[in-house]
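In what follows, a single structure is set out as structure tokens and then discussed.
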Amino acid sequence: MNPIQPIPKSKIEIRIKCKDLTSKDLLSQSDPQAIVYLKQQQRNDWIQQGKTEKLKNQKSPEFKQSITVDYHFEEVQLLKIVVIDIDKDIKLLKDFDDHDLIGEVNVSLGSILSSPGGRMKMSLTKNGILSGSITISTEEIRETGANIYFALEGNHLDKKDLLSSDPYFKIYKSGGTLVYQSDVIKNTLNPTFPPVYLKLEELNGGDMFRELTFEFMDWDKIGDHDLIGRFTTNTDTILRGGALEFEIINPKKVGKSGYKNSGIIKFYIARIQGDPTFLDYLHGGLEINLMVAIDCTASNMPPDVSTSLHYNTPTQPSQYASSIAAVGNVLAPYDYDQMIEVVGFGGLYNGHTSHCFPFNLTNGDDNKSEAHGLQEVLDIYYNNVLKIPFSYPTNFENVIHHAIKRASKSTQSNQKYTVLLIITDGDISDTQKTIDELVSASKSALSVVIIGVGNYHFEAMKILDGDEKGLVDSKGNPSKRDICQFVPFNDFKNYPEALAHETLKEIPSQVLSFMKLSKIHPNQPRQFNC
């Protein structure tokens, strides 16, 4: 017998709800969030396993975001669950202080799993004083590798407000575990809800016939939300297709004279599908925007000198122009309006060194830094590079910060992703500030590709790439995902197609990582009109 065999393990889904939390604020309820830590026995340390979403003004929150942990029967797995009210991102226990804490509990995973229904209710305490209760639900995840996608609409829902209702719905799997909560649709009795996209095991634990309860509520700004009605079904029924309709019933109205239902719910899409691909997002209308940032520091040499990296001739474009053309030719077709922003950094602008300024100096309007199409980008570059006084140092912080603001507009209905192309001739002098911005940018719909021109060694750029070691900002926060790619121009200077390939090859996976992080799924494919 081989004593070093892989130890079987299961994945356990943990869901949390709390009741009667004490408030940290005198005039309002807390904005709670739960974080789950697992004790690392060898290091006697607590490692974060995951966290729920933050809920606004909730005394008794029921969190919809679950946390997944690996289960090892042969180990004592001690969990610490903390409920906090804090705005900043939390990774380590030391990242919050006593003032941020609402309450906490320590419990072994085995104790919860062996409780009836895999569920345990406990007291939350802070410094030994009761601060509420917590119910922890666990369930083994039977991974199917499949996802369920469905969409529904309501008709003639009950009026809960003076003129209408503000409906939303929750999905519970048997045992009363919340697995999904929709957005609120304001002022309507005939809502069309955004499509639902879930891992199949999240919805039903891998059991196609497990009972699901759809509960429809009317949102109220103040006070408890009102029940409109509910119905029960299972995944198998939802997927049968056709015009599947359900009556939603309010139990308090059953038996009253003339009562039939509180509305009709219709599923108009329902299907099983694998993980979405990059093309799924493109077909659903994803737009990829390009932003170009050009190094205007003095180390490039004056652009009218033949040794300058910005020196252009009719037969030999500069490495900057070649880089713009190589990357732009690939990305331009994915940009529907063909508007490409062009900025400079490290040059004099309005008499002062600027690390992010509009490259087009001829129009005199800071809001007109965009070019229409790739050729106009090159025209702006050729027409303005001789007019910009070069300065120093080389800093990326401002350019990336500007790109983050541009890229922060991607939503489920309006899917956009920005690729920032930075072309530079040397290392930066603001490495840590740039890393801080890249870590911040990892939460946005943004990728950063850096092309290094000239013969510099670019050691700092290899750090920014982050392939060997993930980026961590100055506060200890790790990057949410890999978004930066560095490529030296000289490795591909005679092969523009290869330069574009090497520069952009990670973009599809980076788009997918952002969509997964943001829980944005592909929209329905756009229809071709003859």
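For all residues, glycine too, the Cβ spot is worked out from N, Cα and C.
Predicted-model confidence for the domain 'C2 1' (1-122) is 82, expressed as mean pLDDT. If you look up Swiss-Prot, you'll see 1-122 marked as domain 'C2 1', on the strength of sequence analysis.
Contacts of D85 (Ca(2+) 2 binding site) defined by a Cβ separation under 8 A and a same-chain sequence distance of 6+ are given as K24, S30, D31, P32, Q33, D100, I102, in order along the sequence. Taken from Swiss-Prot, the feature Ca(2+) 2 binding site covers D25, D85, D87, D100, and the record attributes it to sequence analysis.
Here Swiss-Prot flags D25, D31, D85, D87 as Ca(2+) 1 binding site, drawing on sequence analysis.
The annotation domain 'C2 2' is assigned in Swiss-Prot to 130-248 on the grounds of sequence analysis.
Residues or ranges marked as domain 'VWFA' in Swiss-Prot (evidence: sequence analysis): 289-507.
Here the binding-site residues are D31, D100, and the one ringed by the most other CB atoms within 10 angstroms is D31.
Summarised by DSSP class, the composition of the domain 'C2 1' (1-122) is 14 helix, 50 strand, 58 coil.
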